[in-house]
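K.L.:
Here you go, one structure.
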Amino acid sequence: MRVYVVGGAVRDRLLGLPVQDHDWVVVGATPDEMLARGFRAVGKDFPVFLHPRTGEEYALARTERKSGRGYTGFTVHASPDVTLEEDLRRRDLTINAMAQDEDGTLIDPYGGRRDLENRVFRHVSEAFAEDPVRVLRVARFAARFEGFSVAGETLALMRTMVDDGEVDHLVAERVWQELARGLMETRPSRMFAVLRECCALARILPEVDRLFGVPQPPQHHPEVDTGIHVMAVVDHAAATAQPLAVRWACLLHDLGKADTPVHVLPHHYGHEAKSADRARAVSERLKAPLECRDLAVLLAREHGILHQARALRPVTIVKLLERTDALRRPERFGLLLEAAACDFHGRPGMAERPYVQAAIWQAALAAVRSVDAGAIARSCTDKASIPQRVHEARVAAVKARHAEEKD
């Protein structure tokens, strides 16, 4: 029985990155031997055990053979005669197909260290094509590891997988899981660039893919291309350490621009409502968490008016605060403003400029929240008029705040 640490832990150690988790492979052992040593069996599809002291996962060396479409169609073979090299061969990329023994000796049968030094993502074998999730994983790694590129032969294989319809068999939950993880990396735009390169973005997120090449008014968007703008917005959200809901909202906020008639371009009148509808549809199709869906819909619908804060009448400001439920959910409204700021900053030359609109909206919200709706309700004899009376008091409070600021 021989034990090796494999995969990401070895890769990250060679890159000088912190190692968060260890994955272990056990060669030459049976399930009964693992149980006899105090390990606890947890694997359903293949033999995986938890260490009795550390709780880390130890998997018996195994091979996998494709037996159906999608990422679940595999036949697994795990036995004491499976070698370490055979186990490593089933892995996706050479940089993830390295191992270290208990003495720290590197086992690298597929050139992973060389590819790390050259900053290349390269598939280990043609078995890469058997699991369509790997297309998303490679794209996600591109968002994490700065300066890496996809080997030409690997990109060609990914395109073939897309053409063969393998990506179409991915379930929504798995697509969301990989997209969400990629959005939380340091440069999410690289994930979408790789997905575009292999033509997978058009299958997974066609609504985003359609944004590339759609022009915007250059006086407001020097980058012109809507797709480029959206990528800059998402990257700014990552650079400012925004949570997933904000990053997802940033990705979807301009989807309606792809529907603008050609004769209207580069203007996009009323694109916010279309964007909101598409943001909801995409979020529901991929089964995104409700907080991600709802913030995406809000940003898509409201980002245009949020940017106009300095020119709005108090009544317009109050209406937005009411329809976004900002009074009951101020934390979510704060996230909405963070996302709007990312949209503002996602243009050339704007990254360092302050988004003053956020302070205007927060001040207005504070003024509206100072209104005692309960007192108004108690003093009102006509109960049907209570909502209107409260609304009018809120507008008056915002007017008063504006007057104070001018003074």
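Backbone N, Cα and C define each Cβ position, glycine as well.
Heads up, here are the entries from Swiss-Prot:
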type: BINDING; residues: Gly8, Arg11, Arg91, Arg137, Arg140; note: CTP binding site
type: BINDING; residues: Gly8, Arg11, Arg91, Arg137, Arg140; note: ATP binding site
type: BINDING; residues: Asp21, Asp23; note: Mg(2+) binding site
type: DOMAIN; residues: 226-327; note: domain 'HD'
K.L.:
May I ask you to report the DSSP-based helix, strand or coil state of Arg11 (CTP binding site)?
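P.N.:
Reduced to three states, the DSSP call for Arg11 (CTP binding site) is helix.
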K.L.:
Could you tell me which of these binding-site residues, Asp21, Asp23, has the greatest number of Cβ atoms within 10 Å of its own Cβ?
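P.N.:
Its Cβ has the most other Cβ atoms within 10 Å: Asp23.
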K.L.:
For the recorded ATP site formed by Gly8, Arg11, Arg91, Arg137, Arg140, name the remaining residues of the chain with Cβ within 8 Å of the site's Cβ center, in chain order.
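P.N.:
So the additional residues around the site are Gly7, Asp92, Leu93, Ile95, Asn96, Phe141.
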K.L.:
Take the domain 'HD' (226-327) and count its residues per DSSP category (helix H/G/I, strand E/B, coil), listing them in that order.
P.N.:
76 helix, 0 strand, 26 coil
K.L.:
Among Gly8, Arg11, Arg91, Arg137, Arg140, listed as contacts of ATP, what is the widest Cα spread in Å, to the nearest whole number?
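P.N.:
Looking at Gly8, Arg11, Arg91, Arg137, Arg140 as a set, their Cα atoms extend up to 16 Å apart.
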K.L.:
Indicate whether Arg140 (CTP binding site) is helix, strand or coil by DSSP.
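P.N.:
Where Arg140 (CTP binding site) sits, the three-state DSSP reduction gives helix.
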K.L.:
Same-chain residues six or more away whose CB lies under 8 A from the CB of Gly8 (CTP binding site)?
P.N.:
Val19, Asp21, Asp23, Asn96
K.L.:
Under 8 Å Cβ to Cβ from Arg91 (CTP binding site), same chain, six or more residues apart: give me those in sequence order, or none if nothing qualifies.
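P.N.:
Listed in sequence order: Gly7, Ala97, Val124.
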K.L.:
Enumerate same-chain residues with a sequence separation of six or more from Arg140 (CTP binding site) and a Cβ-Cβ distance below 8 A; give 'none' if the list is empty.
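P.N.:
Once residues fewer than 6 apart are set aside, Arg140 (CTP binding site) is near Glu178, Arg181, Gly182, Glu185, Met191.
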K.L.:
Would you mind checking how many other C-beta atoms are within 10 angstroms of the C-beta on Arg137 (CTP binding site)?
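P.N.:
Its Cβ has 18 other Cβ atoms within 10 Å.
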K.L.:
Give the number of CB atoms, excluding that of Arg11 (CTP binding site) itself, located within 10 Å of its CB.
P.N.:
23
K.L.:
Could you say whether, by DSSP, Arg91 (CTP binding site) belongs to a helix, a strand or a coil region?
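P.N.:
It is coil.
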